[in-house]
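**Student:** I am attaching a structure below and will ask some questions about it afterwards.
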Amino acid sequence: MAESHIMSSEAPPKSNTGLNIRTNCRMILNLLREKDCSVTFSPEQPLTPVTDLAVGFSNLSTFSGETPKRCLDLSNLGDETAPLPTESPDRMSSGKLESPKTQFVQFDGLFTPDLAWKAKKCPKRNMNSVLPHLLCSTPSFKKASGGQRSLSNKENEGELFKNPNCKPVALLLPQEVVDSQLSPTPENKVDISLEEDCEMNILGSPISADPPCLDGAHDDIKMQNLDGFADFFSVDEEEMENPPGAVGNLSCSMAILLSGPLLNQDVEISNVNNISLNRSRLYRSPSMPEKLDRPMLKRPVRPLDSETPVRVKRRRSTSSPLQPEEENCQPQRRGTSLKKTLSLCDVDISTVLDEDCGHRQLIGDFSKVYALPTVTGRHQDLRYITGETLAALMHGDFNSLVEKFFIIDCRYPYEYDGGHIKSAFNLHRQEEVTDYFLQQPLTPLMVQKRLIIIFHCEFSSERGPKMCRFLREEDRASNDYPSLYYPELYLLKGGYKDFFPEYKELCEPQSYCPMHHQDFREDLLKFRTKCKTSVGDRKRREQVARLMKL
């Protein structure tokens, strides 16, 4: 009877609160104590941890009238207002508290008659609101309603404290107090203990999804044991489904990312091409697809249209504006054109090569061309003649040009004795060549005719070319450049080995003895040793002569 009288005398609340069942029960106990109602519990009970915490809240600076040490948060002024808890009018009128054990905060209008239909509308999910839900967003403080004090004086009001937007953890009362005050029957004790177990299981994770729904039979039992407090659970369910702080704290861009559709990677390339090419690519979004096979040039393929400006020239004229002119049209001559001077860059490379070839066709003193036809051979710096040319020379076909010719056989004496070309001289040592040609140089009787020297060995590969170069070097050293005693020197291509099979009649004796003959091994070693010694002596003599000149 006392409970019904209190509930009828209280004014309806201006807005719903977010406190759970245990906090509501504690507030009801405080109201019963202040109204001096008869309750079957001893006033001398010891303070429980929850009661001690409530006493500590009452001694805060917000209840003593001092200015709280907290900056005013104006970030969520646009949110929906929530009622602020106040103390009882009786307690505010009296300047002191009666007893620390009975000092609790009173909430105006804990029950709302118009919320009964909400509990009937969704009875199954009313039980889910009993379990605590912890929101991860920053709590935003709500404004006071029209019946309360203005928000501008909120910090200077000592009897008020700020109600956070997030759901507070339920304040647990001791089991003995609950049994003695709220549940005189065994049924209520069992229900509250079951409720406490469910709440402790949910508190295992601070961030959790909606708890699993209970079956229908268990919901009916819980709704019967709520003793008329089902309205609070419907209010909690609505606030859990639509939390005002969680949506308010999200920015516009974050809300678009969470609610918008996922980007599709298969975007048409034509949409990407619409982007400006001049835009910087340094900060391109990673989600935007990029065309990998884009052309490197602006126009990789030249159009085939003949009327494009690419195929038309424009000639600038001082007397007339620009006029297009076809490429195939011949340009008009403007007066007398100056002749460009000849430079090395304008000379054709072929002309240079021809001049080089012309110089190579000249004899050693660059006065005349070679009298005999030459061919290319192994050594590019020497002039070669064939066996046919030598045979023609021996037959007198070049008597009009050649006054006298010398055939020098550079083979060893045993090779020369085994078979040689007619009228050939055997000079296999450098000293012999020097003594024969340079001590008393030979000159032609007629200036118009030539003096020719032809070298050869077995293959004309080593000994013949070496002797030819030696004579040219000694001749250069004995004369002033480019004068020479013997400007025309030749090599027989293929040597005696190729000449003998074709022209045996020009050889005497008509035989051929190779250098590595089995019968002349000792002679080969002896002549090689003499040649090496003579070469060493010659080098020493040259060094002495150079030192004497210094």
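Glycine residues also receive a Cβ, built from the backbone N, Cα and C atoms like all the rest.
Heads up, here are the entries from Swiss-Prot:
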- 76-98: region 'Disordered' (REGION)
- 285-335: region 'Disordered' (REGION)
- 290-310: compositional bias 'Basic and acidic residues' (COMPBIAS)
- 401-508: domain 'Rhodanese' (DOMAIN)
- Cys457: active site (ACT_SITE)
**Student:** Tally of helix, strand and coil residues over the domain 'Rhodanese' (401-508) according to DSSP?
**Tutor:** 41 helix, 27 strand, 40 coil
**Student:** Which number gives the other C-beta atoms within 10 angstroms of the C-beta of Cys457 (active site), all protein chains shown included?
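**Tutor:** Its Cβ has 25 other Cβ atoms within 10 Å.
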**Student:** Across the domain 'Rhodanese' (401-508), what does the mean pLDDT come to, as a whole number?
**Tutor:** 94
